[in-house]
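In what follows, a structure is listed as structure tokens, so that the remarks can point back to it.
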């Protein structure tokens, strides 16, 4: 693969995954995923060819506004989409080379929890209110690991200790509503770790929490990820979090990955106007007193995606071509890719 | 938990007194002479009337009468009819069959209602769903005596007075049919609502088998409103048994009340209705306890 | 992150983008809950069918002469208990009166009892419920316990006691009096349900910001209750009222069946069923036709209430 910087005029269009996955089979790979929501009011194309991958031991942050399809992608990987209204219409999800979308329901169930586990945004509603936290952790160990009641309890308490819940023994028998927000999210993390998953998908794990607690939970997650050498998909819209923990970034807009690549490199030189806008909308101490940059306009309605580049109505750089032609994702070298007609110009900026 | 139960218990006390007083007042405020026609064609002898008036405290004002009546009731004395039969004997004879009938009705409505509700709640808008929706609509629309007559004709049932459980299945079905429709619909709504709940999604994401997701996580949460309905329904079934008992010619408490109102035996009517109110109140307390057991969020309130 | 409301003030948007944005908005224009519910209702067969049945029954009740020219009280003992024929579609009753005509003329009393008792139930229940919900605290406790007292009375037993207290056995109260009594008994025994529904709806509505704002601006309780709370709490009560109307028509029949409700010379479906009670095996048509009219009418109201509730509840879709 040529490592020259794409100049915008002569490069070939290469699907980004072929570039980035060159080093060997990734742990989890999503390729060209397409999902529609079929409702009475029409068909919403929620995912329009989403591709990303995660290797063991790395954290990939999936960034985007709400409604961009981050969570739907995660739910498709887990196989927990509500069908109807959601239908997978194309693409593939491979876990260690095995295609999941066509696997039997029983096989998919085996992968859940053991291969890929998931942490949800709001632990209060994601945990069953009528069972104790301990029960909800232990039930997987009993069902899947064949542990006895006592063994499962012991293992569950160990897990609670691993996520640094004080007095784990005592809290084993308590109900979710008796936990504080942060402790609840820790319990949720303990639950997801019960079957020793290889990939952990964290869907906005800190959104529902206080700012101070957010940092603790993120630290815990990245610590556990490193210790266990897991692959982690971190879904978030918090760019601050991303900068701290992500190895790579995938930026989503209107059901597409518009830019992906190494986190540091993207922060240093974003290759898509949307990423630029996202980064500019971060509050900065050195620009105190100035008006905050926001992205003008609304994300497009998914039942009515504008022709051409979906970002064009909000894009500062939009030209005629952007309103007629959908930009392909092009490799930029160093494992980076971007889907913009003017990536070349952006990358050549100083 | 303790405080919660205590509060519910305290709330029941005024309800008990209010309900029983209303019944007592209605029954004894009858504007006609309660002794008319009690002694054959002739008017009753004055000494008999005087004794009876004293026995029933009819010369006190209504509130004093009521309090004296309750006082006797709490010592287990339900009083005697005008002809000297112990009310407690009458009730003891009539109660067992009504209780059996009500319990059978409760079992039928719970089993059929919950199964139908779960099946349809899991697959909304399917064939089975529509079938259950339509048949519950019919059950709700048909007056009980119509269902009763039709089933009586169809199955040609006659119920012996000492009927054990088996003979009471058809009458029990009739008695429970309306509530069965409600249970089915309540369960269906509850299941359909919880099916999309986050905690069910979590249970699936944990890799639990489908049976466990539905049978443990979904059902346990959805069953809470159904159990509370079933609990309060036992009292309602016993009170509502009168029509069913009439159709199937069962000599339970419904018939007892009916006959005794016609004969102006107020003491029997108040006795039976007070007992029914007690059953209703005790059941609603049991329901509150069950609620706390089933939903830990209440327990630790 | 990005502020969506900044869209219209954004100077960076070029002209073309601006118009396209507007276009896409027009298509996404949110519909109001009311019009959405109406759209939803019209395509439901259950709604149209039940509405048609109800309109027909109302028409029969208002103008029975349009449907039958036979006097419902004319009796020819020679025809007593004869089954349906070309002469009398529904056969004759025990007196030899034409059943079809009686069923037609009976609609008025049955519907009247149903409508009046439902109005009673809803008016008492809604008023008590909204007061309990709005004032809360001890007013709520007292009113809720008061409702519990009536909820604790078993319906049929309570009605028997009430009706028999006011009409000693053997007495023959007049038409208006007995209808009033039946209506009041039903209302008195069933208002707690309407009260609970109204109270729950009020508790929710009270938390809405605009209600808090109205209170903050110094609106009095009457104004808040009638101008701000009522419009938002009336829907669930109306749904209940539709279903209760059906149930009350059934209750009229049940009370008449027990011999304590309406009775001759009033003609109602319940009275007809009650008259036929002892002849069920010999002349089933005498129960069948009035019972069918009761059931179909109740069914129509319950179906209507169901359909409206589903349409109003976005979660059920």
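Backbone N, Cα and C atoms are what each Cβ position is placed from, and that goes for glycine too.
Predicted automatically and left uncurated, TrEMBL annotations should be read as such.
Annotated domain 'ABC transmembrane type-1' per TrEMBL: B:95-291, in sequence order.
For B:12-30 (among others), the entry in TrEMBL reads transmembrane segment. Cβ atoms under 8 Å from those of the transmembrane segment (B:12-30) belong to residues 58, 62, 65-66, 69-70, 264, 266, 269-270, 273-274, 277-278, 281, 284-285 of the same chain, restricted to positions at least 6 beyond its ends.
Per TrEMBL, the feature transmembrane segment maps to B:97-119 (among others).
Here TrEMBL flags B:131-151 (among others) as transmembrane segment.
According to TrEMBL, the feature transmembrane segment maps to B:163-184 (among others).
TrEMBL lists B:267-294 (among others) with the feature transmembrane segment.
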Legend entry - Non-local residues, at least 6 beyond the ends, that sit with Cβ under 8 Å of the transmembrane segment (B:163-184): 97, 100-102, 104-110, 112-114, 116-117, 120, 132, 135-137, 139-140, 142, 144, 147-148, 151-152, 155, 157, 226, 229-230, 233, 236-237, 240-241, 244-245, 247-248, 250
Legend entry - Tertiary contacts of the transmembrane segment (B:97-119) (same chain, 6+ residues out, Cβ under 8 Å): 128, 132, 136, 161-165, 168-169, 171-173, 175-177, 179-188, 190-191, 214, 219, 222-223, 226, 230, 233-234, 237-238, 241, 244-245, 250-254
Legend entry - Sequence-remote partners of the transmembrane segment (B:267-294) [C-beta within less than 8 Å, at least six residues beyond its ends]: 1, 4-5, 8-9, 12, 15-16, 19-20, 23-24, 27-28, 56, 69, 73, 78-81, 87-88, 90-91, 95, 220, 223-224, 227-228, 231-232, 234-236, 238-239, 253, 256-257, 260-261
